[in-house]
Amino acid sequence: MCVESDGCEIEGCSSSDEVHTLSGSMSPALKSRDLHHCRPGQKFHAALLRCRTPLVAAGILSFGNVLNYMDRYTVAGVLLDIQKQFKVGDSSAGLLQTVFICSFMVAAPIFGYLGDRFNRKIILSCGIFFWSAVTLLSSFITKEYYWLLVLSRCLVGIGESSYSSISPTIIGDLFTNNKRTVMLSVFYLAIPLGSGLGYILGSIAKDAGGHWYWALRVSPMLGLTAGTLILIFVSEPKRGSADQPGGRLKTRTSWVCDMKALAKNRSYVFSSLASAAVSFATGAFGIWIPQYLVRAQVVQKSAESCTYQPCSSRDSLIFGAITCVTGLLGVVIGAVTTRLCRQKTERADPLVCAVSMLGSAIFICLIFVVAKKSIVGAYICIFIGETLLFLNWAITADILMYVVIPTRRATAVAFQGFTSHLLGDAGSPYLIGLISDSLQESYATSEIWQFLSLGYALMLCPFVIVLGGMFFLATALFFLDDRDKAAKQVNQLARPPSTVKVTK
């Protein structure tokens, strides 16, 4: 394969070869008289262009997504140490994640609007550089300024929002059909993988550096690397180029028109509500399950309560490893199962999500039944429950790509993120901590009651997961109609502007 490169002769290309442009379209070969030997700078430029392939772009974007979630959950890996240093309770500790998610979801619609209209890779890189700088600076906050740590997490949420809102749409414009499902599966594998690595990184960096501050000084360095790679190796694909090979969608609708269309898209609305249920559970679990398991071991007399820093990182490490493995299994099983089920029914995507959600709720309920007697049993239930829960991440994104036209996808991803965070993990960590604190204040404080109160608060999660399964079943009812409607609109938008009639 040869790459077009400003008339510079590329090694291995002849005058009869077809030349691939960066957008993936084919152009006639350059004639011999148009070719000349490359100067050193042109050779480097030509080599750089050859590296800008869709697979390389998807790999770099997936790496950046891993870092996004790794940074998000690094704080959770050292949460007990933060509580001891700043002397805050469960509700105040949960506030760290809540303000992060609140700023994340408020910024998401703004970045969605920008992502449908401006250069996406520039926005992505700036977002990564911003949150990396803020995270690094937050590692120097002293114990008198807990409010400043809370503010820093708020700012980090804004930076990470740009990435989550825009990067899936680039992959959507690089691939289509089953190949897009596979690439989105790899991309969304970053959610559990990055979350698990966040716990592990936080624990290891704290132990190596002797203080929890060091947990916040690793991901920024990796973030700067990811931002630079995006600028150099990720090209900006034409919007809709995968859906309409060789061209771009020529008509852009207004933001108001986009929002009206999304509000009328029943598959999009119900799948967004289902995503909110998943976010509610994962947000609460990510913050509180390691704490819950520590308290369970204190009750079983297999561990002592942490009084001084540094606290044991064992449970955060184990939970992080489980999250990584279950994330890998969940995303792979979800992608394979969906491809197989598509041979039986065209509604496979939402139905697989619904079944996995309902199955997950059962095993998550069992965590709180067995934790008092067996930590190993609790870990087994966590493993199965998380695997089933993580099945739907990539499938949900693929549902969106099917039912939303390319020129609205960044806005759709952003508002789906806004909805899932607003109704999900924006409030769940704080709500669980608040319920736990309220139960502890109602009765005499003891180690057994600290364990039970947090468990009772976390029991809210399985019921929310069941509700999410119901929303996926509702999505299945409208999925085919909405998918066909979107395909018809894509064909309309690919025509010359004078012949296009946009459905509002």
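Heads up, the Cβ atoms here are built off N, Cα and C, so glycines get one too.
The annotation transmembrane segment is assigned in Swiss-Prot to 48-70 (among others).
The feature transmembrane segment is assigned by Swiss-Prot to 94-114 (among others), with sequence analysis given as support.
Cβ atoms under 8 Å from those of the transmembrane segment (122-142) belong to residues 61, 64, 67, 71, 111, 114-115, 148-149, 152-153, 155-156, 158-163, 166-167, 213-217, 219-221, 223-224, 226-228, 230-231, 234 of the same chain, restricted to positions at least 6 beyond its ends. Annotation source Swiss-Prot lists transmembrane segment at 122-142 (among others), citing sequence analysis.
Sequence annotations record features per position, and here Swiss-Prot assigns transmembrane segment to 182-202 (among others) based on sequence analysis.
The transmembrane segment feature in Swiss-Prot is assigned to 214-234 (among others); the stated evidence is sequence analysis.
What Swiss-Prot records for 269-289 (among others) is transmembrane segment, and it gives sequence analysis as the kind of evidence. Listed as Cβ neighbours of the transmembrane segment (269-289) (distance under 8 Å, sequence separation of 6 or more from its ends, same chain) are residues 73, 76, 79, 93-94, 97, 101, 195, 262-263, 319, 350, 353, 357, 364, 382, 386, 389, 392-393, 396, 399-400, 415-416, 419-426, 428-429, 431-433, 436, 454, 457-458, 460-462, 464-465, 467-469, 471-472, 474-475, 478.
Feature annotation from Swiss-Prot assigns transmembrane segment to 317-337 (among others); the stated evidence is sequence analysis. When Cβ-Cβ distances below 8 Å are used as the criterion, the transmembrane segment (317-337) is approached by residues 77, 181-182, 185-186, 188-189, 191-193, 195-200, 203-204, 289-290, 293, 352, 356, 379, 382-383, 386-395 of the same chain, each at least six residues removed from its ends.
What Swiss-Prot records for 351-371 (among others) is transmembrane segment, and it gives sequence analysis as the kind of evidence.
According to Swiss-Prot, the feature transmembrane segment maps to 375-395 (among others), an assignment based on sequence analysis. Through the fold, the transmembrane segment (375-395) approaches residues 181, 184-185, 187-189, 191-192, 274, 278, 281-282, 285, 289, 293, 296-297, 300, 302, 318-319, 322-323, 325-327, 329-331, 333-335, 337-338, 349, 352-353, 356-357, 359-360, 362-364, 366-367, 465, 472 of its own chain, all at least 6 residues removed from its boundaries and within a Cβ separation under 8 Å.
As annotated by Swiss-Prot, transmembrane segment applies to 415-435 (among others), with the evidence given as sequence analysis. Outside the transmembrane segment (415-435), and at least 6 residues removed from its termini, the chain residues within Cβ reach (under 8 Å) are 89-98, 101-102, 104-106, 108-109, 112, 161, 164-165, 259, 262, 268, 271-273, 275-284, 286-288, 400, 453-454, 456-458, 460-461.
Look at Swiss-Prot and you will find 460-480 (among others) tagged as transmembrane segment.
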Please determine whether the transmembrane segment (182-202) and the transmembrane segment (94-114) are in contact (criterion: at least three Cβ-Cβ distances under 8 Å, sequence separation 6 or more). no
Can you tell me which of 48-70, 351-371, 460-480 gets the most C-beta pairs within less than 8 Å of the transmembrane segment (214-234)? 48-70
